[in-house]
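**Student:** This structure is in structure tokens; I'll ask about it shortly.
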Amino acid sequence: MTNLRKSHPLIKIINHSFIDLPTPSNISAWWNFGSLLGACLIIQIITGLLLAMHYTADTTTAFSSVTHICRDVNYGWLIRYAHANGASMFFIFLYFHIGRGVYYGSYTFTETWNIGVILLFTVMATAFMGYVLPWGQMSFWGATVITNLLSAIPYIGPTLVEWIWGGFSVDKATLTRFFAFHFVLPFIITAMVMIHLLFLHETGSNNPSGLNSNSDKIPFHPYYTIKDISGLLFMLMTLMTLILFSPDLLGDPDNYTPANPLNTPPHIKPEWYFLFAYAILRSIPNKLGGVLALVFSILILMLFPMLHMSKQRSMTFRPLSQCLLWILVSTLIILTWIGGQPVEYPFIKIGQLASIFYFCIILILMPTTSLMENKLLKW
């Protein structure tokens, strides 16, 4: 059996990726999120496939088909809420995974990091299109507002929006194509995850010290398979608690009202995991400026390898940079809160200040602090 594991062309790939993979002996629980994201992706694909078997992508029946899934399909409510809350878990883990990368300097693996940022964009696009599918009020108006942002693109904007809509407003054509894209994108994400892992296994994993760990590596199995399984059980426990006790905790009550183009909800807002970007978008009074800030708020992650000025890779031994990172985390939490608030004083001001702070910390304060720490260490 051992020989087959090491010699069979297909099993050999799995062996080198998950069994005999040399792994640093000191990686902490922060390195669990990669496997948890993989588990989330599998859950989303399975539950999504089961939902797609009962869902109809038509404006007249979409809302009713979701109701039918919850009421008449065996454990349909469980599948639907597992899919909706699974998306929330996905984003929680994504943000933790990115945060870990920033803290421990994992972005110095440039190829792995950049494919990860592209993955983030793809997952965000998939989640946005999935939110449109139940065809509730927030689905419809969210789709209208977010797709309309593309009209800010000079010259081709308005044509591009109509092209995406498949008409002169968000309608049947829009819903059908969003369903098609929402169905196919997770498989593209899976392929991209494989590329992400391919690049990662070229360099090997980073570790909390940020030092080269070639002299101290252990096999992935059984040490980290057990660790990943314990993380997975903890995740499933949390997810099931959320689904069974408060499935609508992270959702919007407006989405239980069927889409009505003639009636605008008082506060149009996306799901909680997009609120920080939505707050940055709203904090700029100019439409094009807002769209650029929105895109750049995530695209800025690609600049991290270039903005790394420290002689040390990880933040483990850099207390000043640690303080800045936690201020950045608090800024993002403030932005998330602001994104869910109405557009009025004092929320507008807080949002603008938090947005400025977000960009300043990443572009100016973090590199400057790194240089200062180098000086303090006489490097």
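Cβ atoms here come from the backbone N, Cα and C positions, even for glycine.
Under the heading transmembrane segment, Swiss-Prot lists 33-53, 77-98, 113-133, 178-198, 226-246, 288-308, 320-340, 347-367. According to Swiss-Prot, the feature heme b b562 binding site maps to His83, His182. As annotated by Swiss-Prot, heme b b566 binding site applies to His97, His196, with the evidence given as similarity to another entry. The ubiquinone binding site feature in Swiss-Prot is assigned to His201.
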**Student:** Could you tell me what the rest of the chain brings near the transmembrane segment (347-367), counting residues at least six beyond its ends with Cβ under 8 Å?
**Tutor:** 279-280, 282-284, 293, 296-297, 300, 303-304, 307-309, 321, 324-325, 327-328, 331-332, 334-335, 338-339, 341
**Student:** Of the binding-site residues His83, His182, His201, which sits closest to His97 (heme b b566 binding site) by Cα distance?
**Tutor:** His201
**Student:** I'd like the Cβ neighbour count for the residue listed as 'ubiquinone binding site', meaning other Cβ atoms within 10 Å of its Cβ, all protein chains included.
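**Tutor:** Neighbour count, Cβ to Cβ under the 10 Å cut-off: 14.
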**Student:** Mind checking which residues of the chain, 6+ beyond the ends of the transmembrane segment (77-98), have their Cβ under 8 Å from one of its Cβ atoms?
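**Tutor:** Distant Cβ neighbours of the transmembrane segment (77-98) are 30, 33-34, 36-37, 40-41, 43-44, 47-48, 50-51, 66, 69-71, 116, 120, 123, 127, 130, 235, 238-239, 242-243, 247, 250-251, 271-273, 301.
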**Student:** Among 33-53, 113-133, 226-246, which stretch has the most Cβ pairs under 8 Å to the transmembrane segment (288-308)?
**Tutor:** 113-133
**Student:** Would you count the other C-beta atoms found within 10 angstroms of the C-beta of His182 (heme b b562 binding site) for me?
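**Tutor:** Around His182 (heme b b562 binding site), other Cβ atoms within 10 Å: 21.
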**Student:** Within its own chain, what residues at least 6 apart in sequence put their Cβ under 8 Å from the Cβ of His83 (heme b b562 binding site), listed in sequence order?
**Tutor:** Gln44, Thr47, Gly48, Leu51
**Student:** Identify, in sequence order, the residues in the chain of His196 (heme b b566 binding site) that are 6 or more apart from it along the sequence and have a CB within less than 8 Å of its CB; answer 'none' if there are none.
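**Tutor:** His196 (heme b b566 binding site) has long-range Cβ partners Thr112, Ile115, Gly116, Leu119.
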